[in-house]
Amino acid sequence: MLPTVSKTRSTPSTSRPNSMFPQYLRRIVKWQQMDIEYTFWQMLHLCTAPKVVYQHTKYHKQTKNQWARDDPAFVVICSLLLAVATIAYCAAYDHSAAHAVFVVISVLLFHFLLTGVFLATCCWFLTNAYLREEAPNSHVVEQRVEWLYAFDVHCNSFFPMFVMLYVIHYFMSPLLVAHGFIPELLSNLLFMVAASYYHYLNFLGYDVLPFLERTTFFLYPIGVIIVLSPILILSGFNPSRYFMNMYFSQRV
């Protein structure tokens, strides 16, 4: 017998993420409710075996009936690590405490949170508007990408990029910001790998959803990055010097 739930009855499943969002925000200040160990496990495997992380996302859907995390630990820990890394840059390259505070706040807001909200909203709209599979009949429950899941995908994709462009870059920065062809080459290669890996993880995040099609769309930016990188190298552009001068122009 066919299911009798129609598309018009799908509103409870789509409203559930909205009702979870206030609870998600309240748990940000409750460390005792966060699974810190599992969060670090995810962070490690996002850098080494990202498909394993998204396999666990399927298990989460089966047990919690939602794709998005209900635990804000990943966002909180990622923000703290980003703040620590930015403070390290300020200690090495900044000249005033007031400016260092400005740099830390601007990096947290613009590099991670606000950019994440913008990208997640774009991907959320794109996937729901254009990449969902057509329902074979009107009796199948309509599935949609949760906005909070789109933000999770951004956070997952951001963390390995953070490791490369904030942690590894920090220790290599004396070389990368120097003048010459070798620093320009290494800097562009590091940014190319980091950006490409971000988009690859973005693809994995949406490819795991069974109701989406044509998710290879999220791999297209990698081709653009690979084409642009040699052009930037030959033009003498050094992304490390560019971004360091943006915040620490008097010291780089």
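Keep in mind that glycine also has a Cβ here, set from the backbone N, Cα and C atoms.
Summarising the annotation, TrEMBL assigns transmembrane segment to 73-93 (among others).
Per TrEMBL, the feature transmembrane segment maps to 100-127 (among others). Beyond the ends of the transmembrane segment (100-127), by six or more residues, the same chain brings 78-79, 82-83, 86-87, 89-91, 94, 145-147, 150-151, 153-155, 158, 202, 206, 209, 212, 218, 247 to within a C-beta distance below 8 angstroms of the stretch.
Annotated transmembrane segment per TrEMBL: 175-198 (among others), in sequence order.
Below 8 angstroms of C-beta separation, residues 123, 184-185, 188-189, 191-192, 195-196, 199-200, 202-203, 206-207 of the same chain, each at least six residues beyond the ends of the transmembrane segment (218-237), sit close to that stretch. According to TrEMBL, the feature transmembrane segment maps to 218-237 (among others).
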Residues from the same chain, set at least six apart from the ends of the transmembrane segment (175-198), whose C-beta lies under 8 A from its own:
157-158, 160-161, 164-165, 168-169, 221-222, 225-226, 229, 232-233, 236-241, 244, 252
